[in-house]
Amino acid sequence: MTRRIYSRRDIGKFGLVAAATGIAAPYLNIRAAYARDAKLVFWLQPNFNKVADDLLVEQAKEYARLKGLSGNDLQIEVVPGGEVAKRMAAALEVGAPPDVTRANEEDLTKWGVAGHLLDVTPIVNEMKGREGGINEASLPLAMMNGQIFGAPMGIAANAAHVRADKFKEAGYDGLPKTWEEFIEASKKVTKPPFYAYGMALGLVPSDSLGDVMSVVSAYGGNLIDEKNRPALQSDATVTAFKLINTMYNDAKIIPRGALSWDNSGNNKAFQSGQVAYALNPTSIYSSLIADKSPFLDATILERPPGGPAGRFSTASTDYYSVFKKSPNPELAMGLIQHFMKPENYSRFIVEAGGRYLPIYPAQLKDPFWTSKPAFAGLLEAARSARSNYAPGKLTPALSEIVNRSMVVEEVQNMLVKGKDPARAVADAHKTMVEVYKRLGEPT
Amino acid sequence: MAMSQQTSTRLTRGVGAVALVVLIVWTVAPLYWMVVTSLKVNSEIYGEQVTLWPLKPTLDNYRVLFEETNFLIYFRNSVIVAVVTTMLSLVCAALGAYALTRLNFPGRRFFARALVYTYLMPSSLLFIPLLIIIRGVGLQNTLEGLVFSYLGFTVPFCTWLLMGYFMSIPIELEESAMVDGCGRLGVLFRIVIPLTVPALAVVAFFSFTLAWNEFIYASVLVSDLSVRTIPTGIPNFIVEDVFFWGPMMASTLISAVPPLVVYFLFQRFLITGLTLGAVKG
């Protein structure tokens, strides 16, 4: 018997064939699995923590079972927040948006005005009819032409995360009550590289505008008036801009790099012990708990400092929406109703760990909200919270201004290029008016 | 006072050495930081003090990656897509480049130039039209859809690249082969391709890394977790304004391994291939 001798080339060939077979085998299975047509598509935007996200998946599957859907009839796609805009633009273009997804205020306005969403008034009415009703302050933003395009699913209140120990070391019992006092205290707290105020000032929507508006509103300034017309130009706003300029350029209580922060900038600064104050949703506090941070016990949640007009935090609402292209709108509406059933919703809110305040005020009686001392401050901040867009509401023009960070850009011009605060306010207002005119909205 | 030749040489070498050290640190520091961060616990990552080496090294981020996420599925999908894209790119580009350099047909110059223009089209402009096409042919949410999409930008560039190499091969070699009875494909596979292995290695490396790292198409064309690739899986570690740096760095580090392996395997060919045109007219 002759014995075949395998060359390196032969072994290489066998290796290639084996690798190709190994790669192809699971691939064929995958291919087969995708030859399906889901009856219900839910875009899950991960938000809180794995447990809360898993709970949503479990509740969606439970709903599918109740409706007699098979495993392939329900499709849950996990879409990270940063990908939503791009993915949704493409999905709407090809006429295949999800049936249900969560929408923030900006997305809700954009999709609602463009006519992509279904009226969910019946769902909201059902929610209103439950014991204690719902927080109706969340509804005006979702209403367009008498229809409601989003069922409110949670209130994200911003709270001032405060390192009480640092202010105590500087001789203060807690967070000073006015911005002027805050600046004085912060001068003592700031010892570079440690700064008092982790003010988000980057050109990204959300945190930066929230920080700016928390100062502006304390002095009585607004972005828009009750008739949704630009209203930034006011003495109050100029005073607030001057104060921000003082904090950054004169008192130097804000890190210099804050101008380039994204939405995670103030989180990182606070979590790593570089700042003593940051205005943010409770994602910072939740991370301190999860990381067993040494700063956790020294951190309190509070309302931001105030001014002559009051002491306000900011808050926003998230919604569940159904798309008009949904082939089974009743099924899609039913999923939202299932999520918002008080027993299901209560579990979700608790698992979300304080990320959202419940839309049903009655659920604030849950022992969860007294389980941590800091939540008292959060609830206080929530009670004093107002929308960045108060007393008006978000419109397509304002949405563009927010998404393009036009107001914060003028704040940056003031801080970096030395533009006079009054000029910066005037220019920001002028830019707003231009956008409003271009989009045909009242000025 | 004039500087002596020796001093001048020493100075030049010293400056060169300093520049090299700076460049090495510049290149290696991010990689080092990835490794170190992936071995730190979250409280240290967000700690008050920046540590150059983990105080309490942990593999927990890797455990999270492999046990609590779909990273292995993403990894497998990335391997499939990158390998298939590379192989198809090689075949299509070799055939295309040979046709454009050696065959005479109407529109040859136009096609050769159009290849470059095709490559120059930014993917951010193309992803929606491409989604319409891919969806239209029923390939959305499939790995084939991704492969075909990637071929759209690898084949033009690889073809254009190979054209340059093919042109550098003396046509007399091919004519001799044909005189001896070799056909066109025979010439391509027996004469031209063996002579351009380094160039093919460059093309393969280029296709592999592009397909491995691509993000926009992958994030739009596939959505289900089972068909996602690594670049679209990594953003799952960013939840709104919270970054899970440990697992993110671990996944980034592991995802950098296959291109490195490919590079080291073909290093000899790559260097030859990249410098091939430098000494030919």
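Every residue, even glycine, has its Cβ placed from backbone N, Cα and C.
Just so you know, TrEMBL annotations are computer predictions that nobody has curated.
As annotated by TrEMBL, transmembrane segment applies to B:12-33 (among others). Outside the transmembrane segment (B:12-33), and at least 6 residues removed from its termini, the chain residues within Cβ reach (under 8 Å) are 249, 256.
If you look up TrEMBL, you'll see B:73-98 (among others) marked as transmembrane segment.
As annotated by TrEMBL, domain 'ABC transmembrane type-1' applies to B:75-266.
Residues or ranges marked as transmembrane segment by TrEMBL: B:110-134 (among others). Long-range contacts of the transmembrane segment (B:110-134) within the same chain, counting only residues at least 6 positions beyond its ends with a Cβ under 8 Å from a Cβ of the stretch, are 96, 100, 140, 145, 148-149, 152-153, 156-157, 159-160, 163, 214, 216-217, 220-221.
According to TrEMBL, the transmembrane segment annotation covers B:146-166 (among others). Below 8 angstroms of C-beta separation, residues 81, 84-86, 88-90, 92-94, 96-98, 100-102, 112, 115-116, 118-119, 123, 126, 130, 134, 139, 192, 196, 199-200, 202-203, 206-207, 210-211, 214, 217-218, 221-222, 227, 229, 273, 276-277 of the same chain, each at least six residues beyond the ends of the transmembrane segment (B:146-166), sit close to that stretch.
Within its own chain, the transmembrane segment (B:187-212) is flanked in space by residues 78, 81-83, 85-86, 89-90, 93-95, 98, 147, 150, 153-154, 157-158, 161-162, 165-166, 169, 173-174, 177-178, 230, 255, 258-259, 262-263, 266, 269-270, 272-274, 276, which lie at least six positions past its ends and keep a Cβ under 8 Å from the stretch. Annotation source TrEMBL lists transmembrane segment at B:187-212 (among others).
Per TrEMBL, the feature transmembrane segment maps to B:242-266 (among others).
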